[in-house]
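Report on the structure given below.
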Amino acid sequence: MSNSDDEIQEIEAKRQKMSQEDSEVEIEILDEPEQGKLKNSSMSDEQKLHEFAIITATDEAFAQSILQDVDWDLKKALDVFYGSEAFAEARSAAVMGASSSMASSGAAVMTAEDLKGFEVSVMSWNIDGLDGRSLLTRMKAVAHIVKNVNPDILFLQEVVDRDLAPIDKLQSLYKIYYSNKGCQYYTAILVSKMFDVEKHDVIHFQNSGMYRTLQILEGSIGGLKVFLLNTHLESTREHRPQRCAQFGFCMDKVREIIAQNPGALVFFGGDLNLRDEEVSRVPDGVKDAWEAAGSDNKTKFTWDTFKNDNKQGFHGAKMRFDRLYWSGPLDKVKFTLEGRQRIRSCLCFPSDHWAINATFFA
């Protein structure tokens, strides 16, 4: 991001001061050591009707109207449902009823040429606040890593009230917006002081049994319109119907924002809990940051129990749960994982998830 030299120097001075203050958090850097399909062919047409209706929270008559048009291919039918504008209203109703619309922007449209030399970095991290073990130490480590990486924008999931102080202290560097503080757990969006915030919305998923929301922050960076969408979708394989419906709703919201705000920079991500086969067709022009950066297997798995032993009962599983999608005039991206350092004092990692960190540029 760009701003006046005085502002940049002031923020950098604060960041260095905070790094000194939390030097008691010792982090040992470790060397970096190096999942199910839809059973389409084995299912009867009746089973496909039932499965489609459950996943999409519709009925079997509706399911038949789509399945018969794609030769009863369940995967294709789900792609049609979640990717077509024609079913946006049905998808929205499945998640939460009628949704609010984002106001269109009158901001000037900037091209990649206009933004040469301009970069924006976005980090997303499920910080596992629900695990009470060594929580304060882990939150200090999270804050320590955030200050070292220094992203412009930070999405957090599984934030809890207990031992929140290290995260709250980041307000000297960031503007902090919580989704539903006081709830059992929630999300947060942190933005650089150079980000001009115009609006903050929280949409509660009515089909969620886990307090899940979509948090939306609208603002601008140096005249460039920016929308930030942070979410934590329904967890576990058995809650796939709710998760798929929530993901479809979020992508409809992204599509709506793009249509109403040409040239805006849109970031959508978080702990999506997605399996690859659950990803439906995303809107045109929207890219997956990890894929766009080259799909490096070294940075693929964000929940990896082979390398992260915080959740010992799940050893042997690794998933790409945490994802970041974007659209806009910044068309290139660099992608890394952060938070892979073990904390010396408690011999655990800051979270059971790695943080994803992406830098976007023209």
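The count begins at 1 with the first shown residue.
Every residue, even glycine, has its Cβ placed from backbone N, Cα and C.
Annotated in Swiss-Prot:
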type	residues	note
REGION	1-43	region 'Disordered'
COMPBIAS	1-10	compositional bias 'Acidic residues'
COMPBIAS	11-20	compositional bias 'Basic and acidic residues'
COMPBIAS	21-33	compositional bias 'Acidic residues'
REGION	126-130	region 'Interaction with 5' end of substrate DNA'
BINDING	ASP128, GLU158	Mg(2+) binding site
SITE	TYR185	site 'Interaction with 5' end of substrate DNA'
REGION	232-237	region 'Interaction with 5' end of substrate DNA'
ACT_SITE	ASP271	active site, proton donor/acceptor
SITE	TRP303	site 'Interaction with 5' end of substrate DNA'
SITE	PHE321	site 'Interaction with 5' end of substrate DNA'
SITE	HIS353	site 'Interaction with 5' end of substrate DNA'
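Proximity note: of the listed recorded positions (TYR185, ASP271, TRP303, PHE321, HIS353), TYR185, ASP271 have a CA within 10 Å of the CA of GLU158 (Mg(2+) binding site), given in sequence order. Long-range contacts of the region 'Interaction with 5' end of substrate DNA' (232-237) within the same chain, counting only residues at least 6 positions beyond its ends with a Cβ under 8 Å from a Cβ of the stretch, are 36, 126, 157-158, 187, 205, 208-210, 212-213, 243, 246-247, 250, 270-275. Proximity note: of the listed recorded positions (ASP128, TYR185, PHE321), PHE321 have a CA within 10 Å of the CA of TRP303 (site 'Interaction with 5' end of substrate DNA'), given in sequence order.
In terms of DSSP secondary structure, the region 'Interaction with 5' end of substrate DNA' (232-237) contains 1 helix, 1 strand, 4 coil.
Around PHE321 (site 'Interaction with 5' end of substrate DNA'), a 10 Å sphere centred on its CB holds 23 further CB atoms from the protein chains shown. Here is what falls inside 10 Å of the CA of ASP271 (active site, proton donor/acceptor) among the recorded positions ASP128, TYR185, PHE321, HIS353: PHE321, HIS353.
Cα-Cα distance from PHE321 (site 'Interaction with 5' end of substrate DNA') to ASP128 (Mg(2+) binding site): 13 Å (rounded to the nearest whole number). Cα separation, ASP128 (Mg(2+) binding site) to TYR185 (site 'Interaction with 5' end of substrate DNA'), rounded: 10 Å. Residue density at ASP128 (Mg(2+) binding site): 25 other Cβ atoms are found within 10 A of its Cβ, drawing on all protein chains shown. The Cβ of HIS353 (site 'Interaction with 5' end of substrate DNA') lies under 8 Å from the Cβ of TRP125, ASN126, ILE127, ASP128, ASP271, THR302, TRP303, ASN308, PHE321, ASP322, GLY339, each of these being in the same chain and 6 or more residues away along the sequence.
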